[in-house]
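Copied from Swiss-Prot, the annotated features are:
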| type | residues | note |
| --- | --- | --- |
| COMPBIAS | 343-356 | compositional bias 'Polar residues' |
| COMPBIAS | 371-396 | compositional bias 'Polar residues' |
| COMPBIAS | 397-420 | compositional bias 'Low complexity' |
| COMPBIAS | 421-434 | compositional bias 'Polar residues' |
| DOMAIN | 23-210 | domain 'B30.2/SPRY' |
| DOMAIN | 241-273 | domain 'LisH' |
| DOMAIN | 279-336 | domain 'CTLH' |
| REGION | 342-454 | region 'Disordered' |
Amino acid sequence: MAELGAGSLLTGDPAFNYQEHELNERLKRLYPAVNEEETPLPRSWSPKDKYSYIGLSQNNLRVHYKGHGKNHKDAASVRATHPIPAACGIYYFEVKIVSKGRDGYMGIGLSAQGVNMNRLPGWDKHSYGYHGDDGHSFCSSGTGQPYGPTFTTGDVIGCCVNLINNTCFYTKNGHSLGVAFTDLPPNLYPTVGLQTPGEIVDANFGQQPFVFDIEDYMSEWRAKIHSMIARFPIGERLGDWQAVLQNMVSSYLVHHGYCATAMAFARATETMIQEDQTSIKNRQRIQKLVLAGRVGEAIDATQQLYPGLLEHNPNLLFMLKCRQFVEMVNGTDSEVRCFSVRSPKSQDSYPGSPNMSPRHGATNPHLHSTGADSPTCSNGVTPPNKNKSHNKYTGISSASSSPSSSPSSVNYSESNSTDSTKSQPHSATSNQETSDSEMEIEAEHYSNGVTESSTRIMNGTYKHQEILQADDNSVDDTCSSRQLCGGNQAATERMIQFGRELQTLSEQLCRQYGKNATHKKMLQDAFSLLAYSDPWNCPVGQQLDPMQREAICSALNSAILESQNLPKQPPLMLALGQATECVQLMARVRSGSCSFARVDNFLH
C-alpha cells in the first residue's frame, strides 16, 4: 500500500492503537466504497509535501509555524498524505485553531499536487482556501471574495468536498457556511497554510467525531442518488424488463436447485423452466452430499448421473479428490466413516437401471477397485450389479461394495419416477414440488465426537447451521476429543492408502498435462494436515472448516450445468457482478456518485 503517514502507524501504546481502530472504523462507515489498497484516504499531513517553515507533531496531525512571518513571502503550507478519492462521494475534514498566533493569517482548503507550498491555499491555480484573518475565500487567485466570518483560537473549521457535483463548502463550529467553490478539479489534497509566528492548528481526518453532522448531509445525498436510480425511465420497455427480471430470478432458483420454489415461481409468472425437474433434483442432491462432507458419494453420484463429466474435467476431479481426502481426515467421508458407523440396511440406493437420469445411463467410468487387500466401503451410490468400473486415471479409486453396507445412502428413485421433459411449463403438479424434501441426511454419530443433527432439506435449501456446523452444545466438550479419521485404525489406513492414490493421480495428471502449481499446493495443503496431532487447530486447519466445501460445491454444480449446455453461472449473479464492476469503474473515472450507488445498498 502507498504511504499512509504517521497517523496510521500502529505502536505499542494501547491508547494509540485504540484511536487507530476508531479511525479505521469511522472511515469505513463514512467512505464504504473506497478501496484503500488502490486509493488511500488522507489520514495525516505529509512530512514530505510541505514548506520548510511548517513543523509537524502529534502523529503529523498538529501543524505549527516556525518561520519569520514578516510578509506574504513567508507563508507556508502543507498537504495531506493522499488526495481525496472520488469514491468518497462526499469527503470531510476539520481543523481546530489551537492558537491564532500573532496575526491569524491562516488558510484552510484544498490544492492539487505540485502547487507551490510557499503560499497560502487559494492564491495559486488549482488551489482553494478560506482565510481566517478576513473571512474571504480564495479560488486560484490572490484576490479573495467575501465568504464567511473570521475565525480565531478555539474555532473548528470544517471543509466538505462534494465529489458528486464538484463543489466545496466550509463549516464553522458545526454550522454550514454555504458553497464556497464550484467546478472543482479532481485529485485535490486537504491543505492548510500558516503565515505568522505562534499559529498552531490540529487536523481531524476522522480520528475524532466531527463537530459538524456530516453523516446527516451524506444521508441527504444518498437519498437523492437512490431516488434518481429509482426514477430512471423505462417507458414502453416495462414489459420487456419484467420478462428479463423474471427469467433471471427463475434461472437463479434453478441454478441452485431450489426446485419447488422455481416451479411455484414459474406458475406465478407464467414462465418456462429451461431444465427438467429430474436434472435439477440430481444436481441438488449432489450438492447436499458435498456440503455434508460426503464427497466420495458426490463423486460417485456425478459419475453415474453425468458419465464422462469428471473424465473431461481432470482439474475438477482432482479438486474433488483432494477435498475427499480432507473429509477423510475430518472423519466425515463415507470411505472412512463406514469403519466406525453401523446403520440399518439401506432401503434407498441408486437404482441399477438407466432411468436414474433422463439423459444419462448408470455407467460409472471413473470408479476403480482398490483391490482385495484393501478395506472397501460403499458410498451408497454403486448399483448392485456394478461393483467395479475403471477410468483412465487409474491412480485413484472409489471403493464400493453392496449398497446395504452403506452407513447412509440417498434415494434417487422417487425423483426419477416422474417422466420430466425439458422446458417444463408452469402447470407442473404439486406432487412434483413436494418431492423437494425427499432426501434426508441421516443423524449420524461420528467417533471423533462431532454429532451431526438430522438435516431435512426442504425446497432446495439446506439448514446451514445443521449441515455445516456441529451441535453448538457439544462443541466445547468434543473439540478436545476429535481424532484423525474418528480415531479408527482401519479408517486411518484407508485414508493413507487413498493419499497414495491421490499422489499417483497427481503424478499422472502432471505427465499428461504438465506441471500445475495449483494442484501442487492443493495436495501439499491436504497432506500437511497429517503433520499435526490436532489437524483442526493447526496452520492449515482451515481446510477442515465445513464452509470450505461451498467453493468445490459451486464448481461441481457449474460444471454439471455447463455439460448440459446451460449457463455455468446464473445471469442474475453475472448482472450483479457487472453492476459492481461498473460502480468500481465509476470510481476510477472519478464519478463521485458511485459512493451512493453501491449494489449492496439495493439488496434486501
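From the backbone N, Cα and C atoms, a Cβ is placed for every residue, glycine too.
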Quiz item: Over the domain 'B30.2/SPRY' (23-210), what is the model's average pLDDT?
Solution: 95
Quiz item: Mind checking how the domain 'LisH' (241-273) divides into helix, strand and coil residues in DSSP?
Solution: 26 helix, 1 strand, 6 coil
Exercise. Provide the three-state DSSP residue tally for the domain 'CTLH' (279-336): helix first, then strand, then coil.
Key: 44 helix, 0 strand, 14 coil
